[in-house]
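J.: Take a look at this one; I'll ask things after.
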Amino acid sequence: MRIDHIRQRLRASGAKPCHEQRVLRAWTHALPLDRGRCRSEDFFPAPLGARLPALGAELAALAQVRSEHAGEDGARLLVELADGQTVESVLLPRDGLCVSTQVGCAVGCAFCMTGRDGLLRQLGSAEIVAQVVLARSRRAVRKVVFMGMGEPAHNLDNVLEAIALLGTEGGIGHKNLVFSTVGDRRVFERLPQGSVKPALALSLHTTRPALRTKLMPRAPRLDPAELVELGETYARATGYPIQYQWTLLAGVNDDDEELDGIVRLLAGKYAVMNFIPYNSVAGAGFARPSWEHAAAMARYLHRRGILTKLRHSAGQDVDGGCGQLRARVIASGALGQPAEAAPDRVVLVRRGQA
């Protein structure tokens, strides 16, 4: 389901812009339409009010929590969609949330579990927002990063539609919506045109073109230097620094040559380098460098004027890196079993109809 389809249904039921905004605001904030002294039957046209319970049930069925896996750095949710497919969302520290944009992924990064089975299907914009609604039914969400399963650039229309809603009725600051991509020229064309301009995270991982092709075999053929220049143009236009993502792989992209390459590419740029130690994937053939080595790399870049953050990869303590939780559940055969009870379903109802 797409958000535009929801808007069309509301309008077909007699909704004016103020009614449409009220419904979408309540949904994106995981709130009932009846709050305090505000009664929906006093606000909505009768035909619209009569159709809201059915619409609310459809929205609630878009995404449900199949299982939750607590960890030191946040909880990972296995989210079941209406057709039985599953994706992962991660409740991050400081009211952050990581959402998925596809079931599977076509990029096939060598160090990632998600792309092993290829792309299964796109998520509709409403399914993307539904992950935020699920999270908000559990706790506050003030930042959303599009860094879960899938490549957002390969589902651009749906992702941008979700961003537009979250940055308006959803009440999330534009710089707290982070679009992550391996690099696609369409992203740099489309993002500046939107009314909501998100922050941008670029998957760099290496400064060496040949190694980048090996690590991300089906990513667009963008030279790292060109990718950085495209990012810099967007950063200067929006006023948000580009976040460069770098998965640290021991003996692969953690040597002095790479450090010098980072300095060469990012010196003077409006950028933040995020070092993320590799989250082990069985059979991938990579290893995580020691924390001490990773910290030394970050210190070196700091001394050279590159703002660098060393981040924990969410889910390391529960073997729940991107795609791993879903793969483990599929391997166990648990997807054929009923989902856990979901008390956090959000349904748009009028008072007295629940």
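Residue 1 is the first one shown; counting continues down the chain.
Glycine is no exception: its Cβ is also placed from the backbone N, Cα and C atoms.
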J.: Select one of SER89, SER125, SER180: the residue that Swiss-Prot places in the S-adenosyl-L-methionine site alongside GLY150, GLU151, SER203, LEU204, HIS205, ASN279.
T.: SER180
J.: Going along the chain, which residues six or more apart from HIS205 (S-adenosyl-L-methionine binding site) have their CB under 8 A from its CB?
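T.: Listed in sequence order, they are ARG212, LEU215, MET216, GLN245, TRP246, THR247, ASN253.
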J.: Fewest other C-beta atoms within 10 angstroms of its own C-beta: which of the binding-site residues CYS105, CYS112 fits that?
T.: CYS112
J.: Could you round the CA separation between CYS109 ([4Fe-4S] cluster binding site) and SER203 (S-adenosyl-L-methionine binding site) to a whole angstrom and send it over?
T.: 11
